[in-house]
Amino acid sequence: MDKQLQINAQHGLHGQLSVPGDKSISHRAIMIGSLATGETHVHHFLTSADCLATLQAFKNLGVQIDRQGDEVVVHGVGMHGLKRPEHALQMANSGTTTRLMMGLLAGQAFESRLIGDDSLSKRPMRRVADPLAEMGASIETTEGHLPAVVHGQTLKAADIQLKVASAQVKSALIFAGLQAPGHTVIHELLPTRDHSENMLKAFGADLTVSSDKMTITVGQTDQLNAQTVQVPGDMSSAAFFMVAATFLKGSDITLTNVGLNPSRRGLLDVLVQMGGHVEVNETVSAGEAVGDIRVQSADLHPIALTAEQIPAIIDELPLVALLAAKADGISTIHGAEELRVKETDRIACVERELGKLGANVKALPDGFVIDGRTPWQVNDTVLDSHGDHRIGMMLGLAALLVDQPLTLHRADAVGVSYPEFFDDLNTLLEA
Ligand SMILES: O=C(O)C1=C[C@@H](OP(=O)(O)O)[C@@H](O)[C@H](O)C1
Ligand SMILES: C=C(OP(=O)(O)O)C(=O)O
């Protein structure tokens, strides 16, 4: 679907917005709720394509899941109650669904086949299959990709050093560890988002995290107990408006009830370092930090990001590139090679698409060098999301900075994480 983009926002963004539920937490609520005993009530579930793929996959594994809008009830079947699926499980565009389910299904007493769309079928799966094999799992990929067959079987506990900084790989091993007799120890490369750990602890799993967050120990768990899960607003969705409000003069917005988990809030620090005006009003709800974020427009200064800072801002890096392309100097982003294996090669897509607007963005193997002092000059009015939701939404914001009509090709990709994105953007632009 092509979309004509709104351009040249004269008055900035105004008003208050509650963004949709967190994608990572919504996926996990369905998965953990399915394995639990009893009814898990999920409030503010993210009803985007990725999370609905997770929901449907668990229905196909025999779990009754009732949904009305963003209210979901998962009738948990217990650790051993999932049923062999009759057909291949459709992972659609979702890396999180695929990788977490590989770990979860590896210890079940049946075989499952996982398939996905073209983008997902290009993404690396050995990063999960290989460490799971150390636990005795048997996952047959197609040369390291989907389609994959998970031959469920008895697993054994192991001590595993992760080779990539990935919450998806870590979570797959945690799900496997819950099903393996003994204690599985997982050593992270860098601390990554810890929603699996937090939610599993709340459901009663035998799981501990070291004080430096680098080591997770998970014991075999016979029963998880159903809970009520209040999903906070997704920081990665709020991020789009935080960035636009910063660069659009005259803006003043408040985003309410946003998840502020320390492993996800890297953008807040980056905005402040770049000169942004950000106020956070924080509380803790059900073990996760949440709060309201007020953002006003500001002049932007360049930034230098390195590998240690990347996990807490991984999905927001296309937006950091956009901010940097309007800052008053040269920014560098290093240690972000993971961007090359997301829904698209996000380093190449950002360089190419922002390049169409004349932004001075140079791709590096592991990031970017961006000179924000170069004036933009549109040389191609047709932008392309490349089917990647985060690239599509970032370009929707970039268009606000030019004064020529632009078209966004494959704009419907935003439905993967934020179906109402363009409506919410218009609401803040018109307030
Ligand atoms: O665990 C998760 O929910 C996610 C982990 C990250 O991926 P990696 O684990 O591949 O870094 C992130 O990019 C993705 O959007 C969601
Ligand atoms: C990388 C992402 O998701 P996933 O890996 O679940 O497809 C994302 O949402 O930016």
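Heads up, the Cβ atoms here are built off N, Cα and C, so glycines get one too.
Per TrEMBL, these features apply:
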- 9-425: domain 'Enolpyruvate transferase' (DOMAIN)
- Lys23, Ser24, Arg28, Ser166, Gln168, Asp315, Lys342: 3-phosphoshikimate binding site (BINDING)
- Lys23, Gly95, Arg123, Gln168, Arg346, Arg390: phosphoenolpyruvate binding site (BINDING)
- Asp315: active site, proton acceptor (ACT_SITE)
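Recorded features from TrEMBL, shown on the structure.
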| residue | record | CB count, 10 Å |
| --- | --- | --- |
| Lys23 | 3-phosphoshikimate binding site | 25 |
| Ser24 | 3-phosphoshikimate binding site | 30 |
| Arg28 | 3-phosphoshikimate binding site | 26 |
| Arg123 | phosphoenolpyruvate binding site | 18 |
| Ser166 | 3-phosphoshikimate binding site | 23 |
| Gln168 | 3-phosphoshikimate binding site | 22 |
| Asp315 | 3-phosphoshikimate binding site | 23 |
| Lys342 | 3-phosphoshikimate binding site | 20 |
| Arg346 | phosphoenolpyruvate binding site | 25 |
| Arg390 | phosphoenolpyruvate binding site | 29 |
Around ligand 1, within a Cβ distance of under 6 Å, which of the binding-site residues Arg28, Arg123, Arg346, Arg390 show up?
none
Provide the three-state secondary structure of Arg123 (phosphoenolpyruvate binding site) computed with DSSP.
coil
Residues among the binding-site residues Ser24, Arg28, Arg123, Ser166, Asp315, Arg346 that border ligand 2 - Cβ under 6 angstroms, in sequence order:
Asp315
Express the predicted model's confidence over the domain 'Enolpyruvate transferase' (9-425) as a mean pLDDT, rounded to an integer.
97
Arg123 (phosphoenolpyruvate binding site) to Lys342 (3-phosphoshikimate binding site): how many Å between their Cα atoms?
7
Taking DSSP as the reference, which of helix, strand or coil describes Arg346 (phosphoenolpyruvate binding site)?
helix
Should Gln168 (3-phosphoshikimate binding site) be counted as helix, strand, or coil on the basis of DSSP?
helix
What is the separation, in Å, between the Cα atoms of Lys342 (3-phosphoshikimate binding site) and Arg390 (phosphoenolpyruvate binding site)?
10
Among the binding-site residues Gly95, Arg346, Arg390, whose Cα is within 10 A of the Cα of Gln168 (3-phosphoshikimate binding site)?
Gly95
Same-chain residues at least 6 apart in sequence whose Cβ lies under 8 Å from Gly95 (phosphoenolpyruvate binding site):
Leu120, Arg123, Gln168, Lys342, Glu343
Euclidean distance between Cα atoms of Arg390 (phosphoenolpyruvate binding site) and Lys23 (3-phosphoshikimate binding site), Å:
13
Just how spread out is the 3-phosphoshikimate site if you go by the largest Cα to Cα distance in Å among Lys23, Ser24, Arg28, Ser166, Gln168, Asp315, Lys342?
19
